[in-house]
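Here's the structure, in structure tokens; my notes come after.
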Amino acid sequence: MGTSPAVGGSPAKEQQAAGVGILLQIMMLVLSFVLGHVLRRHKFYYLPEASASLLIGLIVGVLANISDTETSISLSPKPFFSNFGAIVTFAILGTLIASVVTGVLVYIGGRLYLMYGLPFVECLMFGALISATDPVTVLSIFQELGTDVNLYALVFGESVLNDAMAISLYRTTSLVRNHASGQNFFMVIVRFLETFVGSMSAGVGVGFVSALISLLINFIFIFHVCLQNLECCLFVLFPYFSYMLAEGIGLSGIVSILFTAIVMKHYTYSNLSENSQRFASAFFHLISSLAETFTFIYMGFDIAMEKHSWSHVGFISFSVLFIVVARAANVFSCAYLVNLFRPVQQKIPLNHQKALWYSGLRGAMAFALALQSVHDLPEGHGQIIFTATTAIIVLTVLLIGGSTGTMLEALQVVGDGRDGQLGESFEGNNRYVAPSYNEDGPSGNRFKMKLKEFHKRTSSFSALDKNYLTPFFTSQNENDDDEEDGKIHSKPSLHFV
């Protein structure tokens, strides 16, 4: 797909045009799969699948060619959802706290000549990118040692959602830096909401559309049993469609595909046949394993090959100290806030808070954003940030990842994640249950009464999901839901929530 010479040739415009082009290709793939399936079912052999695909490509190509002549172009796992309120608090509010604390400390350190000084906005950019956690190593050890499922869900959920927050914060601060003279605080908030909420809405919308289409396919072809190929093809394509849709309209594809995966796992996946579910799980598990392995190999190779500013040892050393402080501010303040919402027996215990604090490894997302900062920031500032980020990644992955088992044993949070059903009460001070928010405990003051009322409102989403969304977007019945509630998936992976 090309653009006409009249269209601006800036890299951002070219990237957006490329995203639209790939988006059209995905739409053609979806249409080809559906049309081919219909043609086979109706035994319409006069138009084979290859011919139908060729015609679709020709029609879209002609339309694109006509447009180019114009002068301008307008372009479940249960513990996750049971702890969703806490996960959102850690991932959204906590990431914001960590980003701001890191940025402010780095700026103050520069002003006190403790480290290389950066402008305040660039300090905030560094705080945003370094706040993205990627505890793949910690999660694998959690799983092997049988850590409490609620703790696992908190670490896993925070690491998934805080990537979206970190990307949105980085993009917002980058826009503020590039248009510093014409920005005010209100416009900064608007730009952040545009990136985060817009990308999230695109992802959720595509996820619900995929659920409806899968439900519609089951309804139309209710008497056909060989739907695995069609179901799996669409199930694989829709997340990529979500990514390219967001990129094509200037939003964040990673944020969009994240929320698409959450919705599709919760709704679309339930509409697949058993064979399709097994294939989709195996396929995405394979892809995620390959991607995770390749990502870390690539990071190691790129760290060795890229230029680094190792002369700024002070910046690196104090950055490590500052992210430790920022991580503590993130975890303990958000845990305090979450515990205000919860009854006594459902509060997050201190040893779990310490495990959350210790699990803040940095990985692929921080590395990618730091690499982007090399191109975004002039005068070698991006190179300094990139060097500090790579040092932090290596330090956290090797040291923290290697000592996770010892940390879990010291905090006594191992050995209770493999047995028992999710949400049940555990005995001991280091165990807690997923919050139900149905208890009418006494409120100590007016503030706690407000929090309790807010709980009732937020917990109504579970009722909305169970009574309306799940029956509408899936083919599950009540018995299916009850069976799912009793299951523990032994190895949730990073590709689905």
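Don't overthink the numbers, they just go from 1 along the chain as shown.
Every residue gets a Cβ built from N, Cα and C, even glycine.
Here is what TrEMBL records for this protein:
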TRANSMEM  20-39  transmembrane segment
TRANSMEM  46-64  transmembrane segment
DOMAIN    73-409  domain 'Cation/H+ exchanger transmembrane'
TRANSMEM  84-106  transmembrane segment
TRANSMEM  192-223  transmembrane segment
TRANSMEM  243-267  transmembrane segment
TRANSMEM  279-301  transmembrane segment
TRANSMEM  313-335  transmembrane segment
TRANSMEM  355-374  transmembrane segment
TRANSMEM  380-401  transmembrane segment
REGION    474-497  region 'Disordered'
- Message: With contact taken as 3 or more Cβ pairs under 8 angstroms (pairs 6 or more apart in sequence), are the transmembrane segment (355-374) and the transmembrane segment (20-39) in contact?
- Response: no
- Item | Selection from 20-39, 84-106, 313-335, 380-401, the stretch that has most Cβ pairs under 8 A to the transmembrane segment (279-301) | 380-401
- Considering only Cβ pairs under 8 Å, which range in 20-39, 84-106, 380-401 makes the most contacts with the transmembrane segment (313-335)? 84-106
- State the non-local partners of the transmembrane segment (380-401) in its own chain: residues 6+ outside its ends, Cβ under 8 Å from one of its Cβ atoms. 116, 118, 122, 125-126, 129-130, 137-138, 141, 296, 299, 303, 306-310, 312, 315-316, 319-320, 323, 358-363, 366-367, 370-371, 373-374
